[in-house]
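Contents: one structure, followed by commentary.
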Amino acid sequence: MANLSQPSEFVLLGFSSFGELQALLYGPFLMLYLLAFMGNTIIIVMVIADTHLHTPMYFFLGNFSLLEILVTMTAVPRMLSDLLVPHKVITFTGCMVQFYFHFSLGSTSFLILTDMALDRFVAICHPLRYGTLMSRAMCVQLAGAAWAAPFLAMVPTVLSRAHLDYCHGDVINHFFCDNEPLLQLSCSDTRLLEFWDFLMALTFVLSSFLVTLISYGYIVTTVLRIPSASSCQKAFSTCGSHLTLVFIGYSSTIFLYVRPGKAHSVQVRKVVALVTSVLTPFLNPFILTFCNQTVKTVLQGQMQRLKGLCKAQ
């Protein structure tokens, strides 16, 4: 006999309040999604193909671009298809899987940002020991831990959601299976789960943010002591793109998920989720290109090479 407190499927309202105008959102969102996918793919290909980018900094950058693609894929394709159909239904299992991968990949991206901050800290504050401290093996270990820890930690989190009693309906007022809308449908006592969520946010978001801030505190102090203006400018330009990614990534997540006792309107959650799922992955390749001189130089070189091949044919 089926468990009536666990629906077989959920209805994702998405942008149903727009009515027939939903179809007009499809084109802009699809374009942003495709540009985000292509932009981050170009970054990954550049990191793999160009030997100038075979360094720890760009190894982590390639990981981050891959994460941007994967995080976007957990929610946006589903959102795009729902814009064109009247019945926006996701199975219970599909909802739990989407929840698991969305938050696991999102947490991993914050840890990779922290790895990037540690790399810049060692490069600028301890340049003579950089080759030893940031060896290939160490980079693989740091990246491996950043990927493994959230995926393991999210297992009990998603299992707890799967065993809740959902007797307040089956309609999720969002375009993906977000945490708070799911808990609002449950008639179980979720106080312990909410406390666990807060601990997870402290572990993967606030702690990594704190490590990043401390690292950049040391970096700024060290850079300001550099007598050469050109070296100082180079150091800041190298870190500028990373700092921009840190600000965009952490601000929206801390706003939504870290504050205890939080309560945000449905529309606010949807807008912030759109920023993190669509707009941020779209902007990141441009931030990395315009703020990072090395990436810009490599990209220009690849474009010149491609132009030369086209002329030769």
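Cβ coordinates come from backbone N, Cα and C, glycine included.
Features reported for this protein in Swiss-Prot:
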{"type": "TOPO_DOM", "residues": "1-23", "note": "topological domain 'Extracellular'"}
{"type": "CARBOHYD", "residues": "N3", "note": "N-linked glycosylation site"}
{"type": "TRANSMEM", "residues": "24-44", "note": "transmembrane segment"}
{"type": "TOPO_DOM", "residues": "45-52", "note": "topological domain 'Cytoplasmic'"}
{"type": "TRANSMEM", "residues": "53-73", "note": "transmembrane segment"}
{"type": "TOPO_DOM", "residues": "74-97", "note": "topological domain 'Extracellular'"}
{"type": "DISULFID", "residues": "C95-C187", "note": "disulfide bond"}
{"type": "TRANSMEM", "residues": "98-118", "note": "transmembrane segment"}
{"type": "TOPO_DOM", "residues": "119-137", "note": "topological domain 'Cytoplasmic'"}
{"type": "TRANSMEM", "residues": "138-158", "note": "transmembrane segment"}
{"type": "TOPO_DOM", "residues": "159-195", "note": "topological domain 'Extracellular'"}
{"type": "TRANSMEM", "residues": "196-215", "note": "transmembrane segment"}
{"type": "TOPO_DOM", "residues": "216-235", "note": "topological domain 'Cytoplasmic'"}
{"type": "TRANSMEM", "residues": "236-256", "note": "transmembrane segment"}
{"type": "TOPO_DOM", "residues": "257-269", "note": "topological domain 'Extracellular'"}
{"type": "TRANSMEM", "residues": "270-290", "note": "transmembrane segment"}
{"type": "TOPO_DOM", "residues": "291-313", "note": "topological domain 'Cytoplasmic'"}
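Ranking the disulfide-bonded residues C95, C187 by how many other Cβ atoms lie within 10 angstroms of each Cβ puts C187 at the bottom. Sequence-remote contacts of a segment are chain residues at least 6 beyond its ends whose Cβ falls under 8 Å from one of its Cβ atoms, and for the transmembrane segment (98-118) they are 57, 60-61, 63-64, 67-68, 70-71, 74-75, 78, 90, 139, 142-143, 145-147, 149-151, 153-155, 157-158, 161, 176-179, 182, 200, 204-205, 208-209, 211-212, 215-216, 242, 245-246, 249-250, 253, 276.
On the 0 to 100 pLDDT scale, the topological domain 'Cytoplasmic' (216-235) averages 76 in the predicted structure.
Counting C-beta pairs under 8 angstroms (sequence separation of 6 or more), the transmembrane segment (196-215) fails to reach the transmembrane segment (53-73), with fewer than 3 such pairs.
Same-chain residues lying 6+ beyond the ends of the topological domain 'Cytoplasmic' (119-137) with a Cβ under 8 Å from its Cβ atoms: 56-57, 60, 215-216, 218-219, 222-223, 235, 238-239, 242. Beyond its flanks by at least six residues, the topological domain 'Cytoplasmic' (45-52) meets 58-59, 61-62, 65, 294-295, 298-299, 301-302 of its own chain at Cβ-Cβ distances under 8 Å. The residues of the topological domain 'Cytoplasmic' (45-52), classed with DSSP into helix (H, G, I), strand (E, B) and coil, number 7 helix, 0 strand, 1 coil. Sequence-distant contacts of the topological domain 'Extracellular' (74-97), counting only residues of its own chain at least 6 positions beyond either end whose CB sits under 8 Å from a CB of the stretch, comprise 6-16, 22-23, 25-26, 29-30, 33, 105, 158, 161-162, 172, 175-177, 182, 273, 277-278. Tertiary neighbourhood of the topological domain 'Extracellular' (159-195): same-chain residues 4-7, 9-15, 74-75, 78-79, 82, 90, 95-96, 98-99, 102-103, 257, 262, 264, 266, 269-270, 273, 277, selected by CB-CB distance under 8 Å and a gap of 6+ residues from either end.
With helix defined as DSSP H, G or I and strand as E or B, the topological domain 'Cytoplasmic' (119-137) counts 16 helix, 0 strand, 3 coil.
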